[in-house]
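Feature list (source: TrEMBL):
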type	residues	note
COMPBIAS	266-277	compositional bias 'Low complexity'
DOMAIN	114-180	domain 'Mechanosensitive ion channel MscS'
DOMAIN	187-264	domain 'Mechanosensitive ion channel MscS C-terminal'
TRANSMEM	31-52	transmembrane segment
TRANSMEM	72-91	transmembrane segment
TRANSMEM	97-127	transmembrane segment
Amino acid sequence: MEQQAADVLLATQTALSQASALAVQYSFSVLGAVILLVLGWALAGFTSRWAYEGLSRVHGIDETLARFFTNVLRYALLILVFITVLGQFGVQTASIIATLGAAGLAIGLALQGTLQNIAAGIMLLILRPFRVGEYIETSSVAGTVREIGLFATELKTGDGLYRLAPNSTLWNTPITNFTREPTRRNELKISVAYEDDIDLAMERLMNLAKADSRVLTSPAPSVFIDSLGDGTISVALRYWAKTGDWWLVSRDMVKRVKLAFDDNPDAVPDASDAAPAKKSNGKTAAENPTPTRQ
């Protein structure tokens with residue numbers, strides 16, 4: 001009986017000793033994990049802020065893109081800290097990394113279209129084929145850019161409608177930017193009968209262009225015979241104007257040409273060539289607002 005009591009006492013002492021050792025061991029592990037979490041969280045926040053400030057000073061880097069990259073960096077550091085903390089408790093981190101990789105692959109396949117939009121948004125923000133305030137046109141959408149996001153781009157059409165275009169759609173199609181360049185060329189054609197004075201018609205067109213102060217002198221306007229038809233000669237006037245003045249100048253020029261040739265009914269402006277921009281939503285691209293280049 002005494003022997004059994006001694007054995008129980010010895011077993012209890014051994015268990016308490018082992019529990020005490022484990023408590024000491026894991027208390028240090030828990031303390032180390034807490035310290036790692038605090039330091040890792042602070043380091044991730046500091047690194048992301050430092051990266052954001054650095055990217056903000058880089059010319060051409062959009063704020064949306066800078067925030068996206070810094071957020072990716074921050075969450076990547078937090079995941080690394082979390083895996084390191086688990087390693088403090090003896091967890092096999094290799095299996096965790098493999099699991100995260102498999103989960104990331106599955107999520108990537110499920111969100112393939114969304115990830116394509118994000119990738120396209122990043123490329124649009126880096127290469128900048130258009131900026132906020134510029135008027136663009138693609139095969140499927142046209143309008144003034146209001147906001148460029150990571151997933152989609154917001155546009156306002158010429159008739160005041162709101163359009164949301166997925167970035168992958170914009171990235172995979174040719175884009176025409178009507179307001180990126182500071183100047184634009186216009187072409188206006190008139191038809192002159194063969195028996196009329198062609199030199200006089202060309203002189204009138206040139207004088208009209210020179211009389212408008214909005215028409216640029218460099219490149220200089222030009223007048224030339226464009227084609228010979230069955231009953232008339234097509235004479236073209238080409239001139240350059242500032243992008244902000246382009247549409248108003250083209251409208252005024254058609255009216256002035258009409259008034260200048262009122263005494264010659266055989267020489268009239270060809271309205272279809274006065275504004276050659278392709279139509280979209282019932283309006284030519286030039287009819288839409290031409291915001292200042294940013």
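Cβ atoms are placed via backbone N, Cα and C, with glycine included.
Keep in mind that TrEMBL annotations are predicted by a computer and have not been checked by a curator.
Mean predicted confidence for the domain 'Mechanosensitive ion channel MscS' (114-180): the pLDDT average there is 91.
Panel annotation: around the transmembrane segment (72-91), residues 26, 29, 32-33, 36-37, 40-41, 43-45, 47-48, 51, 97, 100 of the same chain, lying at least six beyond its termini, place a Cβ under 8 Å from a Cβ of the stretch. Taking DSSP states H, G and I as helix and E and B as strand, the domain 'Mechanosensitive ion channel MscS' (114-180) has 19 helix, 22 strand, 26 coil.
The DSSP breakdown of the domain 'Mechanosensitive ion channel MscS C-terminal' (187-264) into helical (H, G, I), extended (E, B) and coil residues amounts to 29 helix, 26 strand, 23 coil.
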